[in-house]
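What follows is a short report on a single structure.
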Amino acid sequence: MMSVLKIENFDPYSCNGIEDRNGMGYSTALLNPIVLGQDLLMSYLSIIEQPKQRGFRFRYVCEGPSHRGLPGASSEKGKKTFPTVKIFNYVGMARIEVDLVTHTDPPRVHAHSLVGKHSNKTGNCIVTVGPEDMTAQFNNLGIVHVTKKSQTEILKEKMKRNILRNTGRNTLTEVEERKIEQEVKDLKKVTDLSIVRLKFTAYLPDSNGAYTLALPPVISDPIHDSKSPGASNLRISRMDKTAGSVKGGDEVYLLCDKVQKDDIEVQFYEDDENGWHAFGDFAPTDVHKQYAIVFRTPPYHTQKIDRPVTVFLQLKRKKGGDVSDSKQFTYYPLEQDKEEVERKRRKDLPTFNNHFYGGGSPMGGAPPGSSFGQGGGSNINYQYTGMNSAFYMSSPAGGGYHSSGHMMKHCSATNSSEKNQQPSISIKKEGEEASACSQTDSATTAQKEAQCQMIMRQANLRMLSLTQRTSRALLDYATTADPRMLLAVQRHLTATQDENGDTPLHLAVIHGQSSVIEQLVQIILSIPNQQILNMSNHLQQTPLHLGVITKQYSVVAFLLKAGADPTILDRYGNSVLHLAVQSEDDKMLGVLLKYPSVGQKNLINMPDYHGLSPVHWSVKMKNEKCLVLLVKAGANVNSAERKSGKSPLHIAVEMDNLNLAVFLVKKLHADINAKTYGGNTPLHLAASRGSPMLTRMLVNEGANVLSENDEPVNKLPSCNSDTSESDSDVQMDTDSDHHGDSDTDSSTAVDSECEHSAEEMHRREQRNIRPHCAMKRRYSGHTAVDLTKSQKVRDILSKHTPGSASWKQKGPEPVNVLALETNTVQRLEKLLNEGQTGADWTELASRLRLQSLVETYKNTSSPTESLLRNYELAGGNLKELINTLQSMGLNEGVELLCKSETYAKHHSPAESKNDSAYESQSMEVDQSSGNLMDDSQKQTIPVSAAELCPTTEPTIGQ
């Protein structure tokens, strides 16, 4: 008889490392029981039909089992399949068990349970196969969804049952109980209740006929709950833009199928050997009702391209890594001369000799030996409607010149049907003219000849008058050297435009001819009812626009005094104020705002075609000087841009610019609770982006932590307190179809109801708000706490939420940075400020990822101290600072900090490393107490940003 050695079965997914009843620990190499037997060594279990990954819904206990079982991956209409496994290289009786495990590596026990024809009370399914057919098909499997409220107890029970089964005991030791408690806590953090996998384990009979010989288990593909937003396939439906600048920052509206706002990103990539990829910039608040994303394009990896470059973009889930089909996106080269000023300046300048031949006007000169006026003329586009400069002239040869540039042939060629009061001359072929003359009687011919002679006399008189005036102007110019003498005669020609639509005044501004500008303006103003001063070229630019673009301050002032209209917009909807701010020219902005016509509120708050007013552009350009000038001139610091209703403070928070946000709040008194069209305050944006520094500053300056946006969350528990938990499960699950705006699936909805109902009710009591059944709005909106995924931000918000356990009145703030002694900070500052390049405070700022503050503090008396205060405000600690100094090679600084009393007090070998705020990711999971700062460290973190701009004492949240 063959001897079979059995290693006792042990479940590796529940109790790794727990000792057996004999006191011997299980080696990790023996976690999967092995059957040692010559005939059984080659036996194995395999999945021949995977379960369908998407489209199957998990159900709650109260709903009963599903009407249809979990289908197979290849199942289709008319051909149903189900999950199927088979034992190979073995013939005989066997038992196959199926249970649920997590979608982690390695898989671990899952809280959900299986139901079906062969299921038991423990949530497993067991079937017996053999000896003829070793295939097991599971055609009636259902998955029971548990709530987070019951998740802990179910996991404990499953783990206890596995240990008792594997050890053969009836009770657990205290050590085992504690290990289970800790493992359940860890398991809850990584378990996704919307994803499960099937674990199939085959048991073969031993010598006693008991099914104890286990083959290595096999794990199925992940199965997604169809009610979860993460279960749907990613798909891009539409984009409003498929090309953008190589420098990035273009706003794109993308429509898609249902996504989760905190588990989605837009990835740009190149499918080549370089492997470049980047991600679109957006916050959870930029995801609209799970079906639209508004993001800004990332910059291309190189700015120097001479032709358009096509890349790909796709939607990607952060957790599972699922991606959508790729779409093409084109980066076009950077526009170096968007206003085309440099292109026009590079044109060949005219010379004196250009006007000897083929002059562009009757007085432009003629070739030697030719009569006056027979030189080739150009068609002049007279757009000025008030002009009346048409004239005729004759020559000895009988020809003449019309103001439109056409030559007259014979006066007798006039059309006999002409009935206009003002005579005109038509051009005909000579054959047609001869025929017309021969058919006209002598009386008509005499009349026409007289009429023609009269026209010629009038033309000669006009030409003579113009010649006399030009001659006198030339003599006067020779006497006075004043070019206006010559310009006055041809003042109506100042409306002439070239191929770009530029008038002489445009060209004078482009080429910086200040004296010519002055002379032209004076001549133009002498024309009654003229509009030449405000004429636009083909780019919709007036001379005033060009003066601002080319930064000619005196010219801009002169044009405004002359009556130039500052309200005219260019092709992008930019006023002169927009242009000055976009070029970061605060001096030009000051010149413009001195004139009442520019400082009018309707102009100073006028948006461009993108909906942005000058104050919004000042924030986007990070220019505090322009911002101050505009606000002092009457600009609305809380002005809402037209696309989404963001105020300048919203934009500063969106840019993660702490310095500018503090400046807006403390210096310019921006509304800290201003709302966008979607009801989001700046605090919503800061929290959703996971920024502890901005969040702390806003709440300390009075931001309303309890403010709700307009996006509904899961509804509150029913007013009927007698409603059972299972009933609420059904109600929440079925009602989720009616408020699909929420990003949570049905399980999350139930979990929120079970776990957070008391907290939500308490929050509403603090705001004197009744539950939704007594409110006009059926569902409550998201608060900043609801939007954040950062534990640090959540801690900051909870400290400033009235009524919360961690909330307390604001006390005195610590004076010392990182609780270090004053002399230690001073010595460290001296060491860094006197350090060489690469080992100074700017290098420290770069390594701490706070390089954006270098410009802010470089001219202050204590830049190092200011930098360290911001580092502390971001959640940094002393240990990380020491590690950073060590990486910079500043051993003296490391030694200085290690000798400090603060380091000696708090340092211990077992101290866990804290992750600083600027290293935190937006998707960080809830951290256990072992990963957070201890109480002594928390007390050293300041709760205010007052050190940044110490003017007034900040107020606590409402």
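If you go along the chain as it appears here, the first residue is 1 and each next one adds 1.
Cβ from N, Cα, C; glycine included.
Taken verbatim from Swiss-Prot:
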| type | residues | note |
| --- | --- | --- |
| COMPBIAS | 412-425 | compositional bias 'Polar residues' |
| COMPBIAS | 917-931 | compositional bias 'Polar residues' |
| DOMAIN | 40-230 | domain 'RHD' |
| REGION | 350-374 | region 'Disordered' |
| REGION | 352-390 | region 'GRR' |
| REGION | 411-442 | region 'Disordered' |
| REGION | 705-766 | region 'Disordered' |
| REGION | 904-958 | region 'Disordered' |
| REPEAT | 500-529 | repeat 'ANK 1' |
| REPEAT | 539-568 | repeat 'ANK 2' |
| REPEAT | 572-603 | repeat 'ANK 3' |
| REPEAT | 610-639 | repeat 'ANK 4' |
| REPEAT | 644-674 | repeat 'ANK 5' |
| REPEAT | 678-707 | repeat 'ANK 6' |
| MOTIF | 343-347 | motif 'Nuclear localization signal' |
Spatial neighbours of the repeat 'ANK 5' (644-674) far in sequence, C-beta under 8 Å, 6+ residues away: 283, 294, 615-616, 618-620, 622, 624, 627-628, 631, 637-638, 680-683, 685-686, 689, 691, 693-694, 697-698, 701-704, 707, 852-853, 856, 870, 945, 948-949, 951-952
Folded-back contacts onto the repeat 'ANK 4' (610-639), same chain, C-beta under 8 angstroms, at least six residues removed: 572-573, 575, 577-578, 580-582, 584, 586, 589-590, 593, 599, 601, 604, 646-649, 651-652, 655, 657, 660, 663-664, 667-671, 674
Same-chain residues at least 6 beyond the ends of the motif 'Nuclear localization signal' (343-347) whose Cβ lies under 8 Å from its Cβ atoms: 337, 500, 502, 507, 510-511
Residue counts (helix, strand, coil, in that order) that DSSP gives for the repeat 'ANK 5' (644-674): 17 helix, 0 strand, 14 coil
DSSP residue counts for the repeat 'ANK 2' (539-568), split into helix, strand and coil: 17 helix, 0 strand, 13 coil
The repeat 'ANK 6' (678-707) - residue tally per DSSP class, helix then strand then coil: 16 helix, 0 strand, 14 coil
